[in-house]
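What Swiss-Prot records for 1-20 is transit peptide, and it gives sequence analysis as the kind of evidence. The domain 'APO 1' feature in Swiss-Prot is assigned to 87-172. Residues annotated as domain 'APO 2' in Swiss-Prot, with sequence analysis given as evidence: 228-313.
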Amino acid sequence: MSNWRHKLWRKLSSFQRASYSTTSSRNNKLKLDDLRKLRPMILKRIENRAKDYPVKEIVPVAEEILIARKNLISNIAALLKVFPVLTCKFCSEVFVGKEGHLIETCRSYIRRGNNRLHEWVPGSINDILVPVESYHLHNISQGVIRHQERFDYDRVPAILELCCQAGAIHPEEILQYSEIHDNPQISEEDIRSLPAGDLKYVGANALMAWEKVRAGVKKLLLVYPSKVCKRCKEVHVGPSGHKARLCGVFKYESWRGTHYWEKAGVNDLVPEKMVWHRRPQDPVVLVDEGRSYYGHAPAIVSLCSHTGAIVPVKYACKMKPQGLSFSFTNPVPNLET
């Protein structure tokens, strides 16, 4: 009896697979025919949509973003003259302080093992404000960038490209604007001579500018479409992503080819670089045994909190300002061993 049921089940399953494959192929053919007919209408609609941009009501928002971004870069560059920032030599870990922590979270680029101690080197402003670049489009209705055309277009900061499409920057002046405002010239002697009250004021201004930039980018993304690759986090500011085959270049990445585009968010254009945050009740050097006690914070927030600036309440759940600290009796291990 069981053999008869087995044969009947095989016949039914084979019939179901055959009917399903025939139906799917027929549906795919109908979809391709429909797309060929709709292609001229879609292209015409894209061209007509470009006439509605830039939206005049959104231009002041883009201008406020540029002003806040300029203040943010200058204030962070000034704070880095006083407060040291360290970055790991083998991974992207960042720490705000004179001495790096001893938390074993290094997943190095080279094959030296996971969950090891970090090897700290001096950091820069790019470790605090993570640079995110995208291709600069001549206009919003231009064709998709092909792989062989990837060197014909300039790479600019994604925020500037978003503000350029919003009408705050002229397309031909965006490269010059980036060179002037992204490299502020600040004297180290003038910053070190500032009293503690002025440093607190600089930190508060940096936090305020950071929040303004993120809030403004969130508003612009509601009007101007942007894409991000799900796999490699490549950002493209425009209605459709480019076709430069820059995704999956490593051997362990099996997809190797075009990007997998999805809608971009604020964290894709203005990423929060999360770091371990040392609180006043914590030891001088954070150890691996107390990692469950310590808090996290965006690198900018951690840097500005060292100046005494008031941190927004929304970061309190991650920073654990009133949380318990880990107490240990063993000496700190030597890094040289």
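Here the Cβ of each residue, glycine as well, is placed from N, Cα and C on the backbone.
Mean pLDDT of the predicted structure over the domain 'APO 2' (228-313): 86.
Residue counts for the domain 'APO 1' (87-172) under DSSP, helix first, then strand, then coil, are 17 helix, 17 strand, 52 coil.
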